[in-house]
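Engineer: Reproduced below are the annotations present in Swiss-Prot:
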type	residues	note
SIGNAL	1-35	signal peptide
DISULFID	C38-C78	disulfide bond
DISULFID	C46-C69	disulfide bond
DISULFID	C64-C100	disulfide bond
DISULFID	C67-C77	disulfide bond
DISULFID	C91-C114	disulfide bond
REGION	116-139	region 'Disordered'
Amino acid sequence: MALRMLWAGQAKGILGGWRTICLVVSLFLQHPGVSSKCYFQAQAPCHYEGKYFTLGESWLRKDCFHCTCLHPVGVGCCDTAQHPIDFPAECEVLQEAGTCQFSLVQKADPRLPCKGGGPDLEWGSANTPAPGASAPHSS
């Protein structure tokens, strides 16, 4: 009888561990944004700016990371901001103060928005040609 109770307790512990892992994976899979950066801090406390959170509660940090309490396992966080990655060399990315929004501006004058000017075929998606242009021929 004692052995049966011990096995039941071990099985419950294993099942609880799998539930936690499934919760962590599902939270990260449900997060919007395909190119989001996510990380997990094992055994991290669930508090931010003096406020404590319980299992499943979440908060948005000032650096635009959305974090979820996975107590007692830790904290999982994903970047919610969409960062531009392919833009003309004469432009730069600026984060708007106090928001999770980004703007493309001219390096020469950050007050002016970036001028597109078409794709840069040397800096893009595997040197793919612009729509309507002929594909490069390999020799």
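Residue numbering: from 1, along the chain as shown.
Each Cβ is built from the backbone N, Cα and C atoms, and glycine gets one as well.
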Engineer: So of all those disulfide-bonded residues, C38, C64, C69, C91, C114, which one's Cα sits nearest to C77 (disulfide bond)?
Structural biologist: C38
Engineer: Going by a 10 angstroms cut-off between Cβ atoms, which of the disulfide-bonded residues C38, C77, C114 has the sparsest surroundings?
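Structural biologist: Least crowded of the disulfide-bonded residues C38, C77, C114, by Cβ count within 10 Å, is C38.
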Engineer: Taking DSSP as the reference, which of helix, strand or coil describes C114 (disulfide bond)?
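Structural biologist: Note: C114 (disulfide bond) is coil by DSSP, not helix or strand.
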Engineer: Using Cβ-Cβ distances, find the residues under 8 Å from C69 (disulfide bond) that belong to the same chain and are at least 6 apart in sequence, listing them in sequence order.
Structural biologist: C46, F53, T54, L55, G56, E57, S58, V75
Engineer: Counting every protein chain present, what is the number of Cβ atoms, excluding its own, within 10 Å of the Cβ of C91 (disulfide bond)?
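Structural biologist: Other Cβ atoms found within 10 Å: 21.
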Engineer: Once the DSSP letters are reduced so that anything not helix or strand counts as coil, what is C46 (disulfide bond)?
Structural biologist: coil
Engineer: Using Cα coordinates, what distance in whole Å links C100 (disulfide bond) and C78 (disulfide bond)?
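Structural biologist: Rounded to a whole number, the Cα-Cα distance is 13 Å.
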